[in-house]
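Student: I'd like to ask you about the structure that follows.
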Amino acid sequence: MTETEAVVDQIDLNGALPEKKKKPKKSVAFDDEVDAVSKDGPEASSAGATDEDDSERKSSAKDLTTPVTEGEVDELKDMFSSMKKKKKSKKSSASAEEQTEDITTESGELDFSSMKKKKKKKKSADLSAFEKELEASSTGDATSDLSKQTFDSENMGEHAWLKSDRDYYYPELLNRFFTLLRTNNPELAGEKRKYTIVPPSVHREGKKTIFANISDISKRMHRSLDHVIQFLFAELGTSGSVDGSSRLIIKGRFQQKQIENVLRRYIVEYVTCKTCKSPDTILTKENRIFFMTCEACGSVRSVQAIKTGYQAQIGKRKHVS
């Protein structure tokens, strides 16, 4: 009969647990003890080791045979319940932001909430400055009204300063100076006189175009009728003739706009002066070259001869047999 069986018999008979034996404490072996052990030999050390193994086996057997009470079971449950995984509770974004703000303020770190863009407030207008601007604008309007009144009165032929003892205004004197200059010396006023001619009267007769007032236009330009007709035929690319009532009959159908454009080119090239833009010029021919002399400025320049360009086919083509 082994020792463990004897212990179990004691538990069953008496119903009480046997007293636990205390484990022998291990002592640290110093140099003297090591020498003593070495003197005793390997037999003493092996005997001590076997005694320790037997005591450990007895204590483990006693632990297995001891009954577990309800209190100990509850303690074990509490211990294992604390070992379960805890579910992470989702924190609301608002609470998290509040915590972060508290942490930043307490720890003394930067507060990034102040980095948000703030809406600009409209500046309240200064009433005094606004009133000053109004006064300045009103004075400016008054001066402009005065100048307008003076100019209007002068345009009507009335001089406001003649009927009163007030001081003269600069715009009044300036306007008076220019009016006197224009009346006494019109050529020094700097104004360009517009050169106007009678519009050409053009109408159709079948496949022909009749230019009725060509003689009047040539007299107004101070140019010969033959020279004007020659330029017209060269530009329009056609031919024609003059009837008994000094009307030009042009072969082909042409509109009034086309003849007006041709006359404008003739005036620019053979009538107006290139220096002073005056229409008072004379066209003369010397050694088969045309010269244009200006009566206003006295300049003389040569003019190109009229060249016949493209000739339009008007009549029927002759069939060569």
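Counting begins at 1 with the first residue displayed.
Placed from the backbone N, Cα and C atoms, the Cβ positions cover glycine too.
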Student: Looking at Ser46, Ser137, Ser241, which is the one Swiss-Prot tags with phosphoserine?
Tutor: Ser137
Student: Which one of Thr69, Thr139, Thr284 shows up in Swiss-Prot with the note phosphothreonine?
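Tutor: Record says Thr139.
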Student: Annotation phosphoserine in Swiss-Prot: match it to one of Ser27, Ser45, Ser201, please.
Tutor: Ser45
Student: Swiss-Prot tags one of Ser107, Ser124, Ser138, Ser218 as phosphoserine; which one?
Tutor: Ser138
Student: If Swiss-Prot is the reference, give me the range from 173-197, 273-297 marked as zinc finger.
Tutor: 273-297
Student: What does DSSP give as the helix, strand and coil breakdown of the zinc finger (273-297)?
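Tutor: Secondary-structure breakdown of the zinc finger (273-297): 0 helix, 12 strand, 13 coil.
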